[in-house]
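Colleague: Sharing a structure with you now.
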């Protein structure tokens, strides 16, 4: 097609042909834009211009002395190409860049090719992703193909195939690294083919409204059950006020459920008042929401520490005012974090937008200028807590199973009760929050629904777990806990 010259008659297709020597002493730099197409770097560019950086090692590894480099810039809307089935992400400027060097396919580059897609600042809630067209994704459709082809012979390695009508394929990110910036996104890929930059909206309008409705209903129900749980814990603590271990455990559960109650309340206030409040009020509400979230994470960590002390270290709690000191950590440490974040002006209105800059949700939260605060204090902090709690959960589960096999704990022999205890601990340690780490782009909508439902119902799960575990056979449960600790102490002493 390039040799025949027909490419010049196709609207939406612009090409650049270069002959590069194998002994080239410098990297090859090419600029491109959606309107002007590709050109050498020394040619003036108007408007938004991207850049292609081809390392010279690519040419030195080839056998030919002179290598032809073909760079194509395609407008996929005009050409009707690169259409992925059920694609919801938007292609930046409808532009796809194709790069071929020589007649063989090139992959596994140690020094990757870099394509910089120029763009202005992306809307909030939009995630850029560097991708390439994978013709093997999906199955070929029946019917004749009409479109651009490269004349590749089956069974040989030639230029990457351009998708044609009637042929399946899709975007893939394998081998490409995305480095976003304010003025553009750099794609570092270890192979040569057709590339583009996908703009993945975190949520679309309908999904966001549905999630907010589900979360609002779930938070209302969770608040009611959180109050029931606190009342139940107070009743059990009063009934077994001489069992210090049980009182400490129930006190930890009460504080964790209390932090969940405050977090649900903060979310309801946030969803109801954000967008209509004074900026100063929004900053306070954003800081309060952040504080409640950090309190939940901290109390989850303290629950894990308590399990570690009881079932791994097998130590009694002899610290004076032990629970009061835990409260100082659980409620006090988040104050320091939120205070520092507030001093640097991290809180304010956060807008979630679609790719066409339509606002779909207002939140009083950490602003987009201080997202590093969110990544450190929320993502990083929870990541450490999650790893520690899951390690403790695994050890406690293994120890409980070994105690059952020896017949040391009679109250935990029933399989359904063992499963219930494991599920309760799993929820108590905050494992459902880990689903947030799996949410990425539009493909994570089912996980977002699952995350929203499970976390809004976390208070209900804890309430049911405590009721079944402590009532009505509270004496048997207390005895079981005491037997576990007593049995482990005897075992540890005998081993010493």
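Every residue, even glycine, has its Cβ placed from backbone N, Cα and C.
From TrEMBL, here are the annotated features:
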type     : residues : note
DOMAIN   : 30-205   : domain 'GAIN-B'
DOMAIN   : 215-470  : domain 'G-protein coupled receptors family 2 profile 2'
TRANSMEM : 210-236  : transmembrane segment
TRANSMEM : 248-268  : transmembrane segment
TRANSMEM : 288-311  : transmembrane segment
TRANSMEM : 323-344  : transmembrane segment
TRANSMEM : 375-397  : transmembrane segment
TRANSMEM : 418-441  : transmembrane segment
TRANSMEM : 447-471  : transmembrane segment
Colleague: Using a Cβ cut-off of under 8 Å, list the residues of the same chain at least 6 residues beyond the transmembrane segment (447-471) that approach it.
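Modeller: Answer is 203, 207, 210-211, 214-215, 217-219, 221-223, 225-226, 228-229, 232-233, 236, 253, 256-257, 260-261, 264, 417, 420-421, 423-424, 427-428, 432-433, 435-436, 438-439, 477.
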Colleague: I'd like to know the mean pLDDT over the domain 'G-protein coupled receptors family 2 profile 2' (215-470).
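Modeller: When the pLDDT values over the domain 'G-protein coupled receptors family 2 profile 2' (215-470) are averaged, the result is 82.
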Colleague: Which sequence-distant residues neighbour the transmembrane segment (210-236)? Criterion: at least 6 residues beyond either end, Cβ under 8 Å.
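Modeller: Long-range Cβ neighbours of the transmembrane segment (210-236): 203, 246, 250-251, 253-254, 257-258, 260-261, 264-265, 267-268, 271, 361, 448-449, 452-453, 455-460, 462-463, 466-467, 470-471, 474.
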Colleague: Six or more residues out from either end of the transmembrane segment (375-397), which same-chain residues have a Cβ under 8 Å from its Cβ atoms?
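Modeller: Residues 290, 293-294, 297, 300-301, 303-304, 307-308, 311-312, 337, 341, 422, 425-426, 429-431, 433-434, 437.
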